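A.B. asks: Quick one: the structure is below, and I'll ask about it shortly.
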Amino acid sequence: MGPNLQRIVLVFIACFGIFTSVVLAKTDSQDVSALNDAYKSMNSPSKLKGWSSSGGDPCGDSWDGITCKGSSVTEIKVSGRGLSGSLGYQLGNLKSLTYLDVSKNNLNGNLPYQLPDKLTYLDGSENDFNGNVPYSVSLMNDLSYLNLGRNNLNGELSDMFQKLPKLETIDLSSNQLTGKLPQSFANLTGLKTLHLQENQFKGSINALRDLPQIDDVNVANNQFTGWIPNELKNIGNLETGGNKWSSGRAPSPPPGTRHIDRNSSGGGGGSSKALTLGVIIAVSSIGGLILFAGLIALISRRKNSNDSSHFFDDEKGTNRSKPLFTPQSSQMLQFDNMEEFKNQKTVDSNTSLETKPSVKRTSSVSFKNSPTFHLIPSTQVAATPDRSSTSQDSPDTRGVKAFSLADLQNTASCFSPNRLLGEGTIGRVYKAKFQDGRKFAVKEIDSSLLGKGNPEEFSHIVSSISSIHHKNMAELVGYCSEQGRNMLVYEYFTSGSLHRFLHLSDDFSKPLTWNTRIRIALGTAKAIEYLHETCSPPLVHKNIKSSNILLDNELNPRLSDYGLANFHHRTSQNLGVGYNAPECTDPSAYTQKSDVYSFGVVMLELLTGRKPYDSGRPKAEQSLVRWAKPQLKDMDTLDEMVDPALCGLYAPESVSSFADIVSICVMTEPGLRPPVSNVVEALKRLV
């Protein structure tokens, strides 16, 4: 081999080596973007050596605290670095991350709602995080260590621990968590350590009774009641002080309850099995005798009374003066999970019977396919009035003007077709113009949706809507209820709706810049936040779509059609093709998280300029969510999704962050969608 050839070979080998090292070191683009976002959200701390707010190679350049496997980030260890700010909203993109330790910093805000589902170790302790434990924890099937102690977490824990068999340690101590322990704690068969001290938990700790490996429990300084299970009294460490435990002997567990004998060797010999079976049979027999005796006593009591065995007089259809049984004075008997009793009420001077579906399982006694009974102080009923109720009190409509039917007919040309602005599931909307130049939008409610037997229902609706005031809500001006016709009068917006700007073809309808779109999204989110978190009781909109987002002269959003959710139960029409969340097979299934999904679809419209459902497109692209969802996390295809009307005039980082917010809003599982307050905070960062 000649010298020239040798030189060429050496150069080739050197170049190949350099090329190979670069290829191997190149970090996955989604991982880079997620770390860039986290770095910016933490206020770009100089203490994190090598980190960058844009681009970079975390794996190849060995960013501080980052461990990789191949081109994927697998570990983040940045404990005790004095970090501030938040963690951003893209950590869920780190698909290979198994270890996350951000403890002992000054991080604040909500924890990312979507965390990597391959985490085995999660430590966010000793920070200033608020909000709640992210529901995405429920998807971490390999998680063994969870420590979010010594923060400012608040609210009730979601029932999300069903599928975490490898979880050995939970530390949620020194927060402001409330409510009862999730029943799914009983599924944590691998749990060894549980620290819940210094919170505001209440109820019993019976869910911990049969955990086979539990050896360290600290529930001190909460508001727990009931008895400490005997099964926990023999574990290695048990701290229970500062609660409201019951005194005296604890009641026996119900028949059939699984019992964990912590003093046995685990062999499970035949004698112990026989003893356990004997105990179960004995307890069951005694329970059966007691139940039988109770039934006899009840039958005897009923025979000695004049009351029927029904809640209502079957012949006259009137309520009985006495309830089926009388609980303590000033308490309410509530039936949960019993649709058949939905409208039945018995009234007594000391007690009331309310029947409604249960949102949370708070049952004290429950039977499969049967109602659940609770005793709740009746004062709670008055403390949380229902806006949709039709009480005997006269509705307050003093804040709005009562228009005559003649006035509205004159100003709307007798509701002629040329004054028709639109038609929805509830009724038609007309434009009304008064002689003094004032313009209003008049919404006539479909008469079939108003119960004829309750003439005051419309007045209650007016009273409810007139009490809602927010700068991003379309204001109710007045109403009309004459000759069987019921109308709501709103302020009129000459700019029309967001739907008009995004989806109509004329040039006038496409002036929305990217910054304007973000501002529209933020204003709408604030309006929804007002309904969900400020109104008392909270309201669900149930019909969020771009045609219900009106724009004023400065293109500020005004959410309309609020306060009418009760009507959506009475119509079989689709509330908005492409907007409905997957769980909403009918209008009654809507929740606040369904509103978040619908708003996510509106954000997709702002991002892409496409309709939520477009039958004119190829089949794979007709459903906006189905088409866009897989591409929202792909940096290479995201630019191709953006509305062509923007002509490329936007910051890629802003679009990427906007897409991340959209992706968690349109999650299929309702529990994985963020509360709208989280969405508001995320959008604020983009303005």
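Backbone N, Cα and C atoms are what each Cβ position is placed from, and that goes for glycine too.
Quick paste from Swiss-Prot:
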REPEAT    190-212  repeat 'LRR 5'
REPEAT    213-235  repeat 'LRR 6'
TRANSMEM  279-299  transmembrane segment
TOPO_DOM  300-687  topological domain 'Cytoplasmic'
COMPBIAS  346-365  compositional bias 'Polar residues'
COMPBIAS  378-394  compositional bias 'Polar residues'
DOMAIN    415-686  domain 'Protein kinase'
BINDING   Leu421, Gly422, Glu423, Gly424, Thr425, Ile426, Gly427, Arg428, Val429, Lys443  ATP binding site
A.B. asks: Which Cβ among the binding-site residues (Leu421, Thr425, Gly427, Val429) has the fewest C-beta neighbours inside 10 Å?
C.D. replies: Leu421
A.B. asks: Could you list the residues of the same chain, at least six apart in sequence, whose Cβ is under 8 A from the Cβ of Glu423 (ATP binding site)?
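C.D. replies: In sequence order, Val429 meet the Cβ cut-off.
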A.B. asks: Just checking a number: largest C-alpha distance across Leu421, Gly422, Glu423, Gly424, Thr425, Ile426, Gly427, Arg428, Val429, Lys443 for the ATP site, rounded to a whole Å.
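C.D. replies: The span, Cα to Cα at its widest, is 14 Å.
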A.B. asks: Please work out the mean pLDDT for the residues of the repeat 'LRR 5' (190-212).
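C.D. replies: In the predicted model, the repeat 'LRR 5' (190-212) has a mean pLDDT of 94.
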A.B. asks: Below 8 angstroms Cβ to Cβ, which residues of this chain, lying six or more residues outside the repeat 'LRR 5' (190-212), approach it?
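C.D. replies: Cβ under 8 Å, 6 or more out: 144, 149, 165-184, 218-229, 231-232, 239, 253, 257-260.
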A.B. asks: For the repeat 'LRR 6' (213-235), give the DSSP counts of helix residues, strand residues and coil residues.
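C.D. replies: Residue counts in helix, strand and coil order: 3 helix, 7 strand, 13 coil.
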A.B. asks: Which three-state DSSP class does Thr425 (ATP binding site) fall into?
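C.D. replies: In three-state terms, Thr425 (ATP binding site) counts as coil.
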A.B. asks: Using the Cβ center of Leu421, Gly422, Glu423, Gly424, Thr425, Ile426, Gly427, Arg428, Val429, Lys443 as the ATP site position, which other residues in that chain lie within 8 Å, going by their Cβ?
C.D. replies: Glu444
A.B. asks: Determine how many residues of the repeat 'LRR 5' (190-212) DSSP places in helix, in strand and in coil.
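C.D. replies: Helix/strand/coil tally for the repeat 'LRR 5' (190-212): 3 helix, 7 strand, 13 coil.
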